[in-house]
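These features come from TrEMBL:
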- 16-35: transmembrane segment (TRANSMEM)
- 96-123: transmembrane segment (TRANSMEM)
- 96-245: domain 'Peptidase S54 rhomboid' (DOMAIN)
- 135-155: transmembrane segment (TRANSMEM)
- 161-178: transmembrane segment (TRANSMEM)
- 190-214: transmembrane segment (TRANSMEM)
- 226-245: transmembrane segment (TRANSMEM)
Amino acid sequence: MVIPVHDVNPVRRTPVVTYALIAANVLVFFFMPGLSGSVAGDSTLAQTCHLHAFLEQYAAVPTELIHHRLPRLVPTGDTHAGGCLLGPPDYDKSPLFSVFTAMFLHGGWLHLLGNMLFLLIFGNNIEDRMGHVRFALFYVVCGYAASYGFALLNADSTDPLIGASGAIAGVLGAYLVLYPRARVWVLVPFLVFLPLRLPAWLVLGFWFVLQAVYSSGEGVSEAGTVAYAAHITGFLAGMLLAWPLKAGTPPPPEPRGLLFGRRARPRHTW
């Protein structure tokens with residue numbers, strides 16, 4: 001796995017939507033009930049039940065999206081001896097709207113920071129190319145495509161889907177279409193983290209191949225934690241939506257100045 005840290009692809013305007021999305025995701029993370037304890041590893045049963053009740057209401061659930069089957073019993077946030085108390089839901093949940101709210105929920109620090117890093121590095125250029133309003137709409141559409149793509153493949157799953165990964169995968173797909181030759185600085189783990197400057201098509205192509213490999217045994221892989229099919233469908237949606245903008249997109253300029261302690265030298269793009 002490679003970790004992107006910077007792209008050599010300057011923008012013309014401040015990516016206010018990208019910054020706003022990052023701020024919103026961070027704020028929601030801190031205000032999610034019971035999450036701080038679960039992240040620290042010392043959550044109480046009451047905190048865990050409260051978190052489950054919150055996710056039941058605001059996360060996207062595949063069977064609800066496809067079959068419109070809402071559960072008769074949900075965690076209430078209260079506890080009984082040894083477990084979470086179940087009861088009929090006291091709220092009206094819209095499965096369609098839950099896809100939107102789920103885009104701002106994350107299951108831990110690594111989930112949040114990884115998503116926000118990718119959004120910060122690649123989102124600014126897509127926003128710069130599309131404009132603020134179109135980028136905001138693009139982001140939401142990719143998030144919906146990712147969630148419904150996963151739900152269609154796992155229509156009977158009751159596992160909640162949370163995270164901005166599907167929408168951000170759409171950003172990566174658009175970046176691959178619009179800026180395939182842009183240079184991206186990445187850290188490659190090899191005894192230590194080695195900084196390398198690679199073309200975007202290689203970095204993002206490798207990322208996509210990893211998602212396909214990891215999803216080969218799907219539903220949700222890695223002990224039920226990552227919905228790789230959502231990443232794949234979000235990525236493909238981003239590519240498709242960005243394709244009409246490809247004509248006339250100028251290649252990014254070659255870098256000047258110091259990067260990672262070494263002066264960048266002109267070289268041919270590939």
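Just so it is clear, glycine is given a Cβ too, placed from its N, Cα and C backbone atoms.
Nobody curates TrEMBL annotations by hand; they come from automatic prediction.
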Ask   = Is it true that the transmembrane segment (96-123) and the transmembrane segment (161-178) have 3 or more Cβ pairs under 8 Å, skipping pairs fewer than 6 apart in sequence?
value = yes
Key: Averaged pLDDT, computed only over the residues in the domain 'Peptidase S54 rhomboid' (96-245)   = 92
